[in-house]
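Colleague: Residues annotated as transmembrane segment in TrEMBL: 34-56, 238-258, 265-283, 323-344, 364-394, 509-531, 543-560, 609-632, 644-666.
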Amino acid sequence: MARKTDIPPSYYGEPRNFDPSFRGPIHNRACTDVLCCVIFVIVILGYIALGTVAWIHGDTRKVVYPTDSHGQFCGQQGTPNTNKAILFYFNILQCANPAVLINLQCPTTQLCVSKCPDRFATYLDMQYNYRYNNSYWEYYRQFCKPGFDNPRKSVAHVLRDEDCPSMIVPSRPFLQRCFPDFITRNGTLTVANKTDFKDGLGKTRSVIDLRKAANGITSLLDAKEVGMKIFEDYASSWYWILLGLVITMVVSLAFILLLRFTAGVLLWLIIFGVIAVVGYGIWHCYWEFSTLRGKPHSDGDVTISDIGFQTDFRVYLQLSQTWLILMISLSVIEAVIIVILIFLRRRVRIAIALLKEGSRAIGYIMSTLFYPIITFVLLAICIAYWAVIAVFLASSGDAVYKVMSTQDKCMYANLTCDPEKFSQTNVTMVCPGSQCTFAFYGGESLYHHYIFVLQLCNLLVFLWLVNFTIALGQCTLAGAFASYYWALRKPQDIPSCPLFSSFSRAVRYHTGSLAFGSLILAFVQMFRIVLEYLDHKLKGAHNAFARFLICCLKCCFWCLEHFIKFMNRNAYIMMAIYGKSFCTSAKDAFFLLMRNVVRVAVLDKVTDFLLFLGKVLISGSVGVLAFFFFTRKITVIQEEVPSLNYYWVPLLTVIFGSYLIAHGFFNVYAMCVDTLFLCFCEDLERNDGSPLKPFYMSPQLHRILRREQGSKLYASS
């Protein structure tokens, strides 16, 4: 008896007729979407050429080393600056913006030095003390131009020629540049315990002036200190982090293998385990909240906004508001899970049967569990190549020198100049004190004018290659699992090496189709990135309509991207089975899904939900174990715990890494279930279970189908 559908078949295409010669994925294929394949190969060759050109013009030293006023790299081996790796600014007060400092476009002489100043001093003080002690000059000359050795030269001439700085202040290196060593004592900003200093020009300046010149640097220094502590934590706990990730890998593999035999029991244990874990979290949050509220003179009334951002997360655990927020969040999650289970309990049973079948398929094709390693390696190559090209493009160009003047009305200010011929011009006469100083790296050639366009092309091709790599993995896995489903006698009729055969078919025949689907997705993702950039630029704007329009476009393209990902995934499954082009496969997959829209909406998403619960349970369990370990609450191995600055650094790393590993294993499983589901729908439309048209599905799935049809007939009667 033919199966009835919820939507007339003619509306979404006619179901397929039985083909007695059909035995799963077609092996006699032809190349699909050849034009797109040719374009894809040409783009890859062009991408290699772009990398070569960027490598020829780029220079990573411009990123690694700071550059002085003469365009020389600080700290570069084989140069006079070998032992001078830090950049020193003659007059940091002239640098009003930290971005100006970092981009080396500050209108003051910049010099490579071996160390930053550690005391306050002025050139006038040095000249006075030099008469009694030569050591004053020996220290001060470190921050003068190389070759200058005339401490008796008048101050006016020294400052005019910028032979030496008028003053030096205690500094420390950051980003290989000397910045004032700010310290806050009792709420007062100081430098070397002083709140004011002499600027060498006869004036007394406040430390606040230095702060304005280096605005934001103190927060960056604090960030660097936090970063160093995080690095120390990784250095002392990396092997324990690695052990936690290995445990996750073993548990994930064992979990998938156990699903073959005890899928029902394990999945119900997952469901009730997650409910129990979330319930315990609710109780624990309530207990902490009540305890903090009940303590006299506690921080129960202090809010998170009162204390602001703190690098030590343990501070937030002392606030009752933190536990209240966590308790409410967990309660909402618990309620959502329970409601979903109540209304979809029958569909959960069907999803469990699909997972059993998927586990059985993976058990016969174990090599599929290790295919994500290939995808990871290919993605790592794509990311590394994109990053290298981006760095070389950013560092392309020759040294550009500009006239830097301390006078606001200098007509030659910011004009390009030649440092070798600068002394022969009349610029210094018109603008006294002007210098031909290195500004940045760039150029006037066609290549330099289009560097930004090349960066956009680099990003677009990167997205294309990443999506192609993911698509290749999906098509390969789909072909392997389809070989399992369309074997009439399992496992006797399963072809040998199904994963390798599927990979070979995908690369040989469907490179163009995979590139076509990946390119569509890459364009959508590229447009989303542009929208994010525009949204960032419009945040300070007062045009409400523009911000509203950008927000709507972001929402629409987010939905479009996820829809294309869903359609591409199913198109690759149909492509792996029938060997047709991308558009034809996408059309067939869409009509097939529409003819089984109820099953798609419920079974597929319930399966995804159950797999998500499995990932959460595995990563959460390993995270709880890591929490008790790094907080020294396991007394048996308490002495083995390394000393940490922030215990949350290895903890979050273990949790995030565990989730990624579990996601990699379960992603193979999800692809298996999706493939079996589409094959299941195809099987129902092709066959009716008679001797002439036998089902290819396993007896277990056949029993589920009859049970579902029986319940529908009972409900209709």
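Cβ coordinates come from backbone N, Cα and C, glycine included.
Nobody curates TrEMBL annotations by hand; they come from automatic prediction.
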Colleague: Return yes if the transmembrane segment (609-632) and the transmembrane segment (644-666) have at least 3 CB pairs under 8 Å (sequence gap of 6 or more), otherwise no.
Modeller: yes
Colleague: Given the cut-off of 8 Å on Cβ pairs that are 6 or more apart in sequence, determine whether the transmembrane segment (509-531) and the transmembrane segment (34-56) share at least 3 such pairs.
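Modeller: As far as Cβ distances go (cut-off 8 Å, pairs 6 or more apart), the transmembrane segment (509-531) and the transmembrane segment (34-56) touch.
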Colleague: Please give the sequence-distant neighbours of the transmembrane segment (34-56): residues at least 6 beyond its ends with Cβ less than 8 Å from one of its Cβ atoms.
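Modeller: The answer is 385, 388-389, 392-393, 396, 447, 454, 457-458, 461, 464-465, 468, 511-513, 515-516, 519, 582.
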Colleague: Counting Cβ pairs under 8 Å that sit 6 or more residues apart, are there three or more between the transmembrane segment (238-258) and the transmembrane segment (323-344)?
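Modeller: No, the stretches stay apart by this measure.
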Colleague: Which residues of the same chain, at least 6 past either end of the transmembrane segment (323-344), have a Cβ under 8 Å from a Cβ in it?
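Modeller: Sequence-distant neighbours of the transmembrane segment (323-344): 271, 274-275, 278-279, 281-282, 285-286, 288-289, 292, 317, 602, 606, 609.
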Colleague: Restricting to the same chain and to residues at least six past its boundaries, which positions have a Cβ under 8 Å from a Cβ of the transmembrane segment (644-666)?
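Modeller: Beyond its ends, the transmembrane segment (644-666) has Cβ neighbours at 229-230, 232-234, 236-237, 240-241, 244-245, 248-249, 252-253, 255-256, 311-313, 369, 372, 376, 611, 614-616, 618-620, 622-623, 626-627, 630-631.
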